[in-house]
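Here is what TrEMBL records for this protein:
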| type | residues | note |
| --- | --- | --- |
| REGION | 1-47 | region 'Disordered' |
| COMPBIAS | 17-30 | compositional bias 'Basic and acidic residues' |
| COMPBIAS | 31-42 | compositional bias 'Acidic residues' |
| DOMAIN | 70-131 | domain 'GCF C-terminal' |
């Protein structure tokens, strides 16, 4: 099997080509096959910007009370306080994840944990709102 000999030869050829071309920004151990060309990086950024721009239109026609996680959770809190039996009978704790999922996904569109200055999930407003609601429900951390 010559495949084990092929890989080091390819690496050697790429390293020699980089040395001859004067590429100094390559880090040993990283694959140059996975690096984006400037054209690909520009195309990716344009595509990402288009998605983010289109996403801003998603909740344009939605009343503010129904596209803000904190406000939605306040409505459920009021329901629980005023009508605890029906709240319990509706199995709200099982429904909330499915209800909030699209709103959370929308807020995570631009989140990138691989960037240097990314916001921790625990620091996001929607996370804090859910955490406060859960604390009010006396639900265990799990």
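Using the three backbone atoms N, Cα and C, a Cβ is placed for every residue, glycine included.
Remember, predicted model here, so these are calculated numbers, not experimental data.
Computed over the domain 'GCF C-terminal' (70-131), the whole-number mean pLDDT of the model equals 90. When the domain 'GCF C-terminal' (70-131) is classified with DSSP, helix, strand and coil residues number 45 helix, 0 strand, 17 coil.
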